[in-house]
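Trainee: Below: one structure in structure tokens.
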Amino acid sequence: MSKVYDWFEERLEIQAIADDITSKYVPPHVNIFHCLGGITLTCFLVQVATGFAMTFYYRPTVTEAFASVQYIMTEVNFGWLIRSVHRWSASMMVLMMILHVFRVYLTGGFKKPRELTWVTGVVLAVLTASFGVTGYSLPRDQIGYWAVKIVTGVPEAIPIIGSPLVELLRGSASVGQSTLTRFYSLHTFVLPLLTAVFMLMHFPMIRKQGISGPL
């Protein structure tokens, strides 16, 4: 086993990387509120795991979506638990994200030289809200249907581009199969990919610049 480790160590300097990760200085003013971002990340990872598990059984069609969710809840082994954890962690992720944004703002974590960290964080907050909107429509129940109809109908009040924008969001003039397909694609592929990209930008900047000092 040591020979295998030595082989990787010689090429990748694993020990140096581990030492850098574990020996990072933590300022004395750091408290539990500085963990909110990490909790948000944990919730996201739970979302990815449970969401991936449900894609094996969920059917993104207007005729089968609701029935497939019911099947997950009643027939799939531990399906009720997986979906429940997905919903609970989604709510927790949004709450932790909001608290994290407030903590960073109130402690001045957005100021120079951390402007780009703040910008990527705001983008991640928007992506988190988008997860909520797109995910809400997937069960294709009454609450999800009317929520999506209202949310996608909001841009219609914008002069000139309002109606085309609504049609772009829905895929048609009304909420239907095209809307569900778009929201499913956004929820399971586009948004997770964008979130991963911005996290890979966000975390190295935090690592490089460190935690902002006390007020």
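Glycine residues also receive a Cβ, built from the backbone N, Cα and C atoms like all the rest.
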Trainee: With the ranges 32-52, 53-73 to choose from, which does Swiss-Prot describe as transmembrane segment?
Mentor: 32-52
Trainee: Rank aside, I only need the closest one: which of the binding-site residues H86, H100, H187, H202 has its C-alpha nearest to that of C35 (heme c binding site)?
Mentor: H100
Trainee: Residues sitting near the transmembrane segment (116-136): Cβ under 8 Å, six or more positions beyond its termini, same chain?
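Mentor: Distant Cβ neighbours of the transmembrane segment (116-136) are 40, 47, 90, 93-94, 97-98, 100-101, 104, 109-110, 143-144, 147-148, 151, 183-184, 186-187, 191, 194-195, 198-199, 201-202, 205-206, 209.
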Trainee: Using Cα coordinates, what distance in whole Å links H100 (heme b 1 binding site) and H187 (heme b 2 binding site)?
Mentor: 23
Trainee: Across all the protein chains here, work out how many other Cβ atoms are within 10 Å of the Cβ of C35 (heme c binding site).
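Mentor: Total other Cβ atoms inside 10 Å, all chains included: 14.
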